[in-house]
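The structure appears below as structure tokens.
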Amino acid sequence: MLSRRQWTYVTAISYLILEILIRNVKGLNVCTSGSATSCEECLLIHPSCAWCAQEEFGSPRTLTSRCDLQQNLQKRGCEAPFIESPRSNSSVLENVPLSSKGSGPTQYDVIQIAPQKVSLSLRPGDQAWFEVQVRQVEDYPVDLYYLMDLSLSMKDDLDTIRNLGTKLAEEMKKLTSNFRLGFGSFVDKNMSPFSYTAPKYQNNPCNGYKLFPNCVPSFGFRHLLSLTDKVDRFNKEVQKQMVSRNRDAPEGGFDAILQAAVCKERIGWRKEAFHLLVFATDDVPHLALDGKLGGLVEPHDGQCHLNEKSEYSASTRMDYPSLALLGEKLAENNIYLIFAVTKKLYVIYKNFTALIPGTTVEILDQDSKNIIQLIINAYNNIRSKVELTVWDHPEDISLSFTATCQDGRPLAGLRKCADLKIGDTVSFNVSVGAGLPRPDERQSFTIRPVGFKDRLEVQVAYRCDCGCTQLTQPNSTRCSGAGTHSCGTCGCEPGYLGTRCECQEGEAGSVQLGACREAEGKQVCGGRGECRCNQCLCYESEFGKIYGTFCECDDFSCARHKGVLCSGHGECHCGECKCHAGYVGDNCNCSTETAACVSGDGQMCSGRGVCVCGGCQCTEPGAFGDTCEKCPTCPDACGTKRECVECRLFGSGKHDNQTCQRLCKDEIVTVETLKSDDPGAVLCLYKTESDCVMKFTYSEHASGQSVLTALKEPECAWRLQTLLSVLLAVVGSILAIGIALLAVWKLVITVHDRREFARFQSARSRARYEMASNPLYKQPISTHAVETVFSMNTKSYNGAVH
């Protein structure tokens with residue numbers, strides 16, 4: 001016998017495998033493939049499956065499945081009253097309207113969540129939905145318990161909060177007319193190595209400490225003032241307190257938080273109030289397993305351990321609580337925890353808030369001067385959010401939330417709304433899905449907003465029964481008196497066979513089974529049916545119909561084309577395609593029509609191919625296109641495209657304008673200069689009637705469109721001669737002008753040189769006269785001496801001076 005936990009695991013794994021199969025097998029009818037033999041088995045296969053309990057249903061020669069999709073059952077003749085397909089649903093059992101105010105005579109009956117009780121009837125694998133509304137009511141009572149670290153480092157903070165009660169009450173009155181305040185303190189476990197335990201420190205742990213020589217003995221947690229609306233008592237109690245001293249840096253604050261949460265009668269938490277626990281410290285806390293340093297191996301039991309002196313009596317007996325235990329007890333008692341810590345500790349405590357629901361962290365000044373504003377800010381922050389939590393969540397039930405906050409937009413996957421004002425109402429759509437049913441069949445869980453006393457109880461029952469089972473008849477005449485009739489089928493007694501238990505098991509011998517074989521040695525009913533009472537009852541298939549004397553035929557085993565049975569142009573009869581008119585072939589994919597093969601010029605495949613199965617197969621090398629009309633490399637390509645160029649560009653040729661537009665649909669581009677750098681283009685040229693040469697190129701784009709690139713005008717010989725004459729005239733003119741300029745330049749130079757020569761002659765004559773008539777002039781005499789000296793190492797030359 002499986003245990004409850006083992007049954008849960010088996011159920012979850014089975015449901016997961018079923019979902020994977022359903023999602024991955026495309027086109028498979030999961031209902032008929034499940035081979036369900038009863039209505040209850042059918043309902044467990046999948047939420048979409050339905051059972052037909054109609055007496056006469058299906059073909060007499062076919063093993064008709066009564067478990068199928070509801071629309072399929074109706075198509076096959078099952079009437080709606082006989083179809084069993086229960087649906088999941090939800091019903092509201094308790095729905096008291098939401099309150100608008102939290103104070104006054106109705107403060108004990110304040111409702112902040114609606115509805116309060118819901119019942120779900122779930123079919124396995126199916127889902128049901130319901131809506132939850134939550135409202136933070138105005139003027140709701142508030143209980144605030146101030147839990148303070150009284151280690152030596154918090155001395156200046158203690159001086160600051162001595163009048164905290166009065167000031168805090170004045171500020172809180174602006175938010176609620178019903179406010180109560182309590183006080184407690186903590187240090188750490190009074191044992192080594194957490195505190196000073198030597199005899200000289202027992203009464204004064206500050207003994208010998210010069211900065212502050214007197215303090216009280218260390219303690220774990222001390223409850224000092226129960227929640228009260230007399231805030232003066234808070235001030236008096238705080239003024240009595242003195243700080244203590246522990247040895248290590250971490251404090252025992254988590255011990256104190258847990259006791260403040262679970263000792264609700266001693267603390268005075270009201271059920272109908274908003275619970276705030278302010279935790280003020282300037283250091284990190286001890287966590288679970290730290291107690292082993294002092295020999296504390298017993299885990300915290302999560303219970304209240306306050307003695308008659310309102311002190312934590314198990315401080316030196318149990319370990320520190322874990323974060324999980326702390327979060328559980330705070331949520332269980334609807335307490336919002338506010339960490340008021342110094343700036344250096346903000347990140348550490350911020351990480352704690354992610355692990356403890358309903359917790360916030362605020363930065364505390366070194367001397368706690370901002371404690372009042374800190375509490376007000378934290379209160380407003382908490383009251384601006386609504387977050388749902390689930391308690392006692394069954395493992396085989398899945399939940400999903402969709403939040404609709406103040407902007408009215410549904411946010412799938414969220415169970416939280418923020419930035420709310422007090423009095424705002426938000427809603428959540430909750431979807432509940434069920435796996436396979438558990439042995440006890442009924443489940444329940446609770447939905448609660450964090451920090452609220454209000455809750456929504458959800459009861460879950462499974463719908464696994466069929467209504468037709470109530471009409472079960474043992475030894476029914478419908479079953480030949482040898483079976484039980486239930487939901488349209490017969491459950492035969494041992495020794496009887498047949499859909500109506502009409503045959504005995506002994507009758508199905510080899511002789512009778514031979515009547516269900518097509519030939520000796522072959523399978524009974526071809527392996528696709530059962531032999532009952534000397535005849536084959538063929539199985540049903542999600543692919544189609546199985547039929548024939550020996551179940552040898554079907555309407556789905558014929559040839560296919562591109563995945564379509566008989567190409568969609570024929571019917572499948574016993575494994576062979578019977579083609580519709582106009583189609584031939586094994587899979588009816590070959591059309592006998594030839595209209596699509598006729599090209600624009602009226603030829604079959606443009607004379608370059610043959611028409612096969614309604615399409616052209618081009619036989620001319622280089623030809624392509626639907627009708628083989630494209631062929632840049634064909635011998636007649638230039639001739640064919642010449643006609644298009646003549647009629648489209650020049651309006652000449654043998655085609656009239658209407659025929660030209662119909663036959664010549666190619667794009668024609670005109671250019672001044674024809675470039676032939678495209679390797680895929682064919683250069684065409686022809687001689688016009690005026691002895692000119694027309695050039696164009698023919699190419700095919702990747703899109704299949706033909707492009708003709710032609711010159712704007714044909715190239716003519718007389719135009720070339722005229723151009724050459726003009727060119728020679730220009731060149732001759734340039735040469736003539738050049739020669740004339742050279743002649744003029746030569747004449748000017750000659751005249752200039754003659755004038756200069758005449759001047760030279762005149763100057764020379766004057767010089768001779770002056771030398772002949774000057775008595776002081778003496779003819780110069782020059783002498784030259786040359787001495788050559790040869791030596792083996794040097795060679796020099798000297799010249800005589802005048």
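Just so it is clear, glycine is given a Cβ too, placed from its N, Cα and C backbone atoms.
A TrEMBL annotation is a machine prediction, not a hand-curated record.
If you check TrEMBL, you get these features:
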{"type": "DISULFID", "residues": "C42-C78", "note": "disulfide bond"}
{"type": "DISULFID", "residues": "C206-C215", "note": "disulfide bond"}
{"type": "DISULFID", "residues": "C405-C417", "note": "disulfide bond"}
{"type": "DISULFID", "residues": "C464-C468", "note": "disulfide bond"}
{"type": "DISULFID", "residues": "C487-C525", "note": "disulfide bond"}
{"type": "DISULFID", "residues": "C503-C516", "note": "disulfide bond"}
{"type": "DISULFID", "residues": "C553-C558", "note": "disulfide bond"}
{"type": "DISULFID", "residues": "C572-C577", "note": "disulfide bond"}
{"type": "DISULFID", "residues": "C579-C588", "note": "disulfide bond"}
{"type": "DISULFID", "residues": "C611-C616", "note": "disulfide bond"}
{"type": "DISULFID", "residues": "C618-C628", "note": "disulfide bond"}
{"type": "DISULFID", "residues": "C644-C716", "note": "disulfide bond"}
{"type": "DOMAIN", "residues": "38-466", "note": "domain 'Integrin beta subunit VWA'"}
{"type": "DOMAIN", "residues": "638-716", "note": "domain 'Integrin beta subunit tail'"}
{"type": "DOMAIN", "residues": "746-793", "note": "domain 'Integrin beta subunit cytoplasmic'"}
{"type": "SIGNAL", "residues": "1-27", "note": "signal peptide"}
{"type": "TRANSMEM", "residues": "723-745", "note": "transmembrane segment"}
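Each residue contributes its Cα atom, and for C78 (disulfide bond) and C628 (disulfide bond) these two points are 56 Å apart.
Taking the C-alpha positions, the distance from C464 (disulfide bond) to C579 (disulfide bond) comes to 48 Å. The distance from the Cα of C628 (disulfide bond) to the Cα of C616 (disulfide bond) comes to 7 Å. All protein chains shown were included, and the count of other CB atoms within 10 Å of the CB of C553 (disulfide bond) stands at 19. Between the CA atoms of C206 (disulfide bond) and C468 (disulfide bond) there is a gap of 84 Å, rounded to the nearest whole number. Here the Cβ of C42 (disulfide bond) has 26 other Cβ atoms within 10 Å, regardless of which shown protein chain they belong to. Using a 10 angstroms CA-CA radius around C487 (disulfide bond), the disulfide-bonded residues that qualify from C468, C503, C579, C588, C616, C716 are C468. Spacing of C716 (disulfide bond) relative to C417 (disulfide bond) is 87 Å (Cα to Cα, whole number).
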